[in-house]
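Undergrad: Mind having a look at this structure? Questions to follow.
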Amino acid sequence: MSISLIQPERDLFSYQPYWAECYGTAPFLPMSREEMDILGWDSCDIIVITGDAYVDHPSFGMAIVGRMLEAQGFRVGIIAQPDWTNKHDFMRLGEPNLFFGVTAGNMDSMINRYTADRKLRHDDAYTPDNQSGKRPDRATLVYSQRCKEAYSHVPVLLGGIEASLRRIAHYDYWSDTVRRSVIVDAKADMLVYGNGERPLVEVAHRLAAGEKITDIQDVRNTVVMRKTPLPGWSGVDSTRLDKPGRIEAIPNPYGEDLPCATDDISIPEAKPITVRAAKPKPWEKTYVLLPSYEKVKADKVLYAHTSRILHHETNPGCARALMQKHGDRYIWINPPAIPLSTEEMDSVFALPYQRVPHPSYGKSPIPAYDMIRFSINIMRGCYGGCSFCSITEHEGRIIQSRSEDSIIREIEEIRDKVPGFTGIISDLGGPTANMYMLRCQSPRAEQTCRRASCVYPEICPHMDTNHQPTISLYRRARDLKGIKKILIASGVRYDLAVEDPRYIKELASHHVGGYLKIAPEHTEEGPLSKMMKPGMGSYQRFKELFDTYSKQAGKEQYLIPYFISAHPGTEDKDMVNLALWLKKNRFRLDQVQNFYPSPLANSTTMYYTGKNPLAKVDYKSEEVVVPKGDRQRRLHKALLRYHDPANWPMLRSALEDMGLQHLIGARRECLVPAPTLEEQREARRALRHHTPALTKHTSITRQRQPSNRAPAASAGKKAPTVANGTSSAHSTSANQSTSANQSTSAAHSTLATKKSAGKTGVNKAAVNKPSAGSRGKNRQH
């Protein structure tokens with residue numbers, strides 16, 4: 001493999017350990033004063049506040065950060081899921097000598113607490129006994145404020161995925177508004193975004209050396225508040241949609257370049273010596289001035305423009321700093337940190353984790369731990385660039401892989417030490433199962449590329465697609481003594497896998513437990529192009545290879561595809577076509593996911609602005625169709641569960657509105673059955689018992705006439721005929737929305753019908769009819 005041009009200034013473990021190293025390694029990082037006393041500590045140097053239960057396992061952020069800082073010689077305490085209603089629980093371990101580290105946990109607290117439909121969840125997988133309500137909404141903000149109440153002079157550093165994805169002015173789905181950077185609202189001293197090992201270690205050592213937090217402003221992967229740019233940095237003004245321009249230095253009013261008065265003194269002639277300085281890279285010491293918080297809140301196009309810039313500045317090899325005004329100050333976002341090397345990754349995962357929850361939880365189960373206790377993280381990062389996912393903005397595009405030896409040692413440690421191990425490793429993976437050791441083969445391209453995805457619309461020719469390192473790892477792992485099975489539970493990137501069929505054969509032959517999950521997300525080009533996902537051709541090719549190799553291995557195995565409904569760019573006809581594809585392929589999904597607009601994702605920008613940040617943004621640029629209303633989002637979700645009888649009335653109504661009545665019935669190509677006689681009788685019964693209507697005469701009530709009956713004719717006049725081409729069910733619904741006037745005309749009835757159809761939010765576009773369905777046994781878990 002070629003040597004990367006993206007190199008750190010110093011190794012993660014090259015710092016002189018802090019003096020407290022003499023205390024040694026703690027069995028568990030202390031969560032109480034009693035534990036501190038046992039360790040002989042009079043105080044903590046650093047206290048980590050987290051919204052998750054403390055599990056000493058490398059899949060939990062607080063454990064990695066805590067053990068990493070402990071390895072640098074610092075005394076680290078943890079306050080897990082504190083009582084946030086007052087400051088007292090935040091003073092449990094006393095005042096830290098250096099700083100508080102605040103994180104909401106492994107998940108965004110709002111996503112953890114609410115569903116995609118903004119409904120309150122009643123469980124929390126990161127809490128003992130799966131209890132909900134153990135962390136507040138916007139936990140990062142609340143915890144930070146309580147830390148400042150407890151010890152106002154102690155620096156507060158924000159971290160974790162919640163803070164990371166809120167490092168800039170961002171759209172907040174739950175309040176349906178644009179919020180300021182979380183560092184502003186939390187009144188914190190610094191925000192660490194992404195994986196925090198490198199910046200946290202540097203900041204901790206600089207604070208320990210006596211520097212003030214206000215003087216530490218230039219650390220990569222951090223966000224700070226400033227009134228001016230960093231000294232020596234030049235800026236590019238991108239506050240408007242026109243071509244960005246350089247921010248010129250303010251001229252010296254005293255004219256320092258003007259000639260000075262001199263007496264006629266002869267100066268000896270000297271021959272100049274020319275020394276050519278190294279030409280600086282165009283991104284070095286350069287920042288981009290973004291539209292202010294106030295502007296992006298008021299102008300959706302500027303918001304999309306800002307989002308596009310931020311996503312272009314994620315490559316640590318060439319990213320520029322970003323600067324955005326909030327009121328009378330600016331947030332300063334330093335470029336991303338240099339990724340960890342394989343040796344550094346090995347050292348981080350070799351730290352002395354106990355791999356079990358803290359003893360204070362007793363036997364209370366923690367579902368998130370139960371899910372991962374026998375799994376192993378083999379890499380970080382993802383270059384897929386899916387629009388609805390924020391992994392690139394958090395972990396980066398560059399894959400950071402552990403060595404094979406490091407992974408094998410962890411498997412042996414699980415086998416020998418973790419209670420309850422039965423010989424089955426539940427996962428060898430990461431953000432994606434099959435990106436292990438796959439990096440850009442061109443050092444120059446890796447350093448300078450600003451593409452959002454290395455695999456969309458086509459796989460970059462510089463990208464390595466040789467899966468042999470992964471295959472070798474799988475073979476070595478399953479040959480270990482005491483290991484019965486190695487399963488792969490992480491999602492497989494199938495467009496990469498088809499480039500190396502050997503991997504698919506290895507996977508199907510040895511590492512699938514009956515079902516393999518993959519995520520095509522949709523079948524139609526419209527939404528797929530906005531998601532930046534490959535077309536169904538790659539899926540079909542992968543399925544053919546998977547089925548072939550499964551059959552050769554004598555195994556009955558199935559693919560479980562995952563889909564997203566109501567994603568920006570999805571029209572109703574797209575969801576109907578997806579439902580027909582599911583029916584044709586005999587899939588019946590048990591659980592479906594509506595699009596969830598999480599902070600900083602490109603898809604969230606589309607959802608909020610109606611603009612496409614994947615292309616150049618201006619006031620005339622592409623408008624994106626966004627399914628927003630509750631009714632349309634429910635419809636899209638219902639189409640994924642076309643087989644559920646509870647959804648049939650809604651689907652029938654929508655199909656009629658779209659002019660797709662031919663999809664209602666008992667024929668093979670139909671999506672939903674026609675209403676039964678009992679359902680029709682129930683509908684008529686409901687009409688007869690609707691609420692009475694008041695006339696203009698007070699206290700006099702009368703029933704509306706059934707809407708499918710012509711109004712009574714006046715004496716000597718012929719009753720008007722109502723022309724209505726819709727079905728009886730739709731006509732009934734439409735006519736109920738007309739006024740209570742008993743002499744409603746045919747024109748009024750027709751108008752009401754059109755209005756009712758317009759409220760459904762559906763599109764009257766043609767839908768491809770499916771061919772005869774396959775007889776596979778695929779089904780959803």
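Using N, Cα and C of the backbone, Cβ positions are placed for all residues, glycine too.
Predicted, not measured: the structure shown is a model, and the values here were computed from it.
Under the heading [4Fe-4S] cluster binding site, Swiss-Prot lists Cys382, Cys386, Cys389. Swiss-Prot lists 696-708 with the feature compositional bias 'Polar residues'. Taken from Swiss-Prot, the feature compositional bias 'Low complexity' applies to 726-750. Per Swiss-Prot, the feature domain 'Radical SAM core' maps to 368-646. Taken from Swiss-Prot, the feature region 'Disordered' covers 681-781.
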Undergrad: What does DSSP assign Cys382 ([4Fe-4S] cluster binding site), in three states?
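TA: DSSP call for Cys382 ([4Fe-4S] cluster binding site): coil, neither helix nor strand.
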Undergrad: Just going by other Cβ atoms within 10 Å, which of the binding-site residues Cys382, Cys386, Cys389 has the emptiest spot?
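TA: Selected from the binding-site residues Cys382, Cys386, Cys389 on minimum Cβ neighbours within 10 Å: Cys389.
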Undergrad: Taking every residue in the domain 'Radical SAM core' (368-646), what is their average pLDDT?
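TA: Here the mean pLDDT over the domain 'Radical SAM core' (368-646) amounts to 95.
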Undergrad: Other residues with Cβ within 8 Å of the Cβ centroid of Cys382, Cys386, Cys389 at the [4Fe-4S] cluster site?
TA: Gly384, Gly385, Phe388, Ser390, Ile391, Thr392, Pro431
Undergrad: Kindly assign Cys389 ([4Fe-4S] cluster binding site) to one of the three DSSP-derived states: helix, strand or coil.
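TA: DSSP call for Cys389 ([4Fe-4S] cluster binding site): coil, neither helix nor strand.
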